[in-house]
Amino acid sequence: MVGGLVLSQAQTHHTAAPRTAAPAPAQALEKRPRDQAQPCGTAAAAVSVRSLDEVRKAHARHIKLGLDRSPRHARPLLAACALSGWPGGMELAASIFESLVEPEAFDYNTLMRGHVGGGREPAAALRMYVDMLEAGVRPDSYTFPFALKACAQLAALQEGRQLQAHIVKLGFQHDEHVQNSLISFYGKCVEPAMARLAFDRVEAEERTAASWSALLAAYTKAGLWGECLESFGAMVLDGWRPDESSTVSALSACAHLGAFDVGRSLHCALLRNTARLNTIMQTSLVDMYAKCGSIEKAAAVFDAMDDKNAWTYSAMLSGLALHGDGRKALQVFDAMVRERHAPDAATYVGVLNACSRAGLLEDGLRCFDRMRLEHNVAPNAQYYGCMVDLMARAGRLDDARALIGSMSTGPTDTAWRSLLNACRIHGDLDLAERALQELRRLGAANAGDYVIVADMHARAKDWAAAAQLRTEAVDWGLAQSPGVSAVEVRGELHRFVSQDRSHPRTSDIYEMLHQMEWQLRFDGYKPDTSEVALDVGEEEKRRVVAAHSQKLAMAFGLLSTAEGAPVRIVTNLRMSKECHAYSALISEIFGREIVIRDRNRLHRFRRGVCSCRDYW
């Protein structure tokens, strides 16, 4: 329960008013009677005052003249205080509100809007709603968007559902802005199914661009990227021109899915329909191109921007980190500082990750010191995790272990997991066991952690220890997600798992796979089965690696795209040595660029060489 919001049926006995077209809350105030027509946009719009002191003086004059209880005189001051954002404004607004003899819905709405503005006091907004009901004041169509926004800011799902019941009871379920607020509320509470249900309840002819935008934001918040892109396509087919919010959601979905062709089409549509892209749009494009494997296009958008901000620099730094270009990331970071943009948490994570993935140990250490000493930024758990990863990848496992012990935040699962991953790379089984033990102690061990150590035991031929760890993970209910690789062909993503035979073109794919391996054998290729952690014969191990999900996706990509076109793959697996060598040879023999984004970084294979320079 938030703010005592338990709303009984008796409190909502008002009869519903006849339905009217509902303008946006900011516009609605202009359509009220003259004594209520003060707009709630800004203080300047509400009354000709420029500071809180001027409001106090005007209020004092009203008191002296006995006008402080007059709605015509009090409401402009109420709006000025509540909506200006001035320090102390809400306290004075509450005082003015208390002076009103019979406050109406308009007055309650003004205070509620002030409380939810900038997420200042959402609980106070809900208390105002309860007070409103208890005073017998009937909510109007502008009340519920503010109340639902308060619930969203508090993640108060139960209270929001109660509000939905009130909406239906009072007859506002068909109001455009109330409907959109419901969709947005469920989305912000990470309830995408409920957001979709609220959207589907809106009649097709009543849906607006804002309705679609709220649905897309709900899918984005929940990480349902496929559903987001599918809904974006449905929105366009329905005849709606996407607004900024919808387009940013779609670009974010493209970035996460690796849907380069769809993202590029969106960029082209923006260039055709928009005179000038704003900073938010351009930053989204930088992020999308970088995550889809085209750091050149990301850099082109970035370099052409006139109004870069900290988010823009962070997007570019994160993209360079994903591509392992540490030198370029350091140059961008220096440019950011020269332009007097204050680096934030995302900025430092980006540049430290870039140093880690490029093996730039000394540069990373200098950047870490610069962060603490020059910019006075206190290291947090995320920064320490980056530094542990940087040291451990470079082979300084003991130094990384010592850093974990000296962390001012205390050891974290992120730091121990970074060390564990490095132990796998460098083959330090003893330290890997210690890292897994610490993760268990923190209650943060997942199935992947157990698999790493189990595989290390398997490579040491200690099959009993490997089996014991896998059994322990199962006993704890830790299930590892299956490995999935997806390839984009003509704007559509095709997903594969290992040994997959569910695709409609399975026979063609396996025939292509056979031809690929046949050509590779002429170049002396032999499958590397050293990372197959199974106690089986060599022939069975070769069968396992032959139909790996990445290889199936690659075969379908080569089969289904034009000659010379890049093949773009996204996988939730870490790139294995076998797949890395295989992809490099394919890129050389077939004359294709192979772009693979694994769960840690991006690999671009051209003419037999990977952008990671075999450091991953």
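Counting begins at 1 with the first residue displayed.
Every residue gets a Cβ built from N, Cα and C, even glycine.
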Range among 1-40, 481-520 that TrEMBL annotates as region 'Disordered': 1-40
Mean predicted confidence [pLDDT] for the repeat 'PPR' (344-378): 90
Folded-back contacts onto the repeat 'PPR' (309-343), same chain, C-beta under 8 angstroms, at least six residues removed: 279, 282-283, 286-287, 289-291, 295, 298-299, 302, 349-351, 353-360, 363, 367, 371, 375, 377, 597, 601-602, 604, 611-613, 615-616
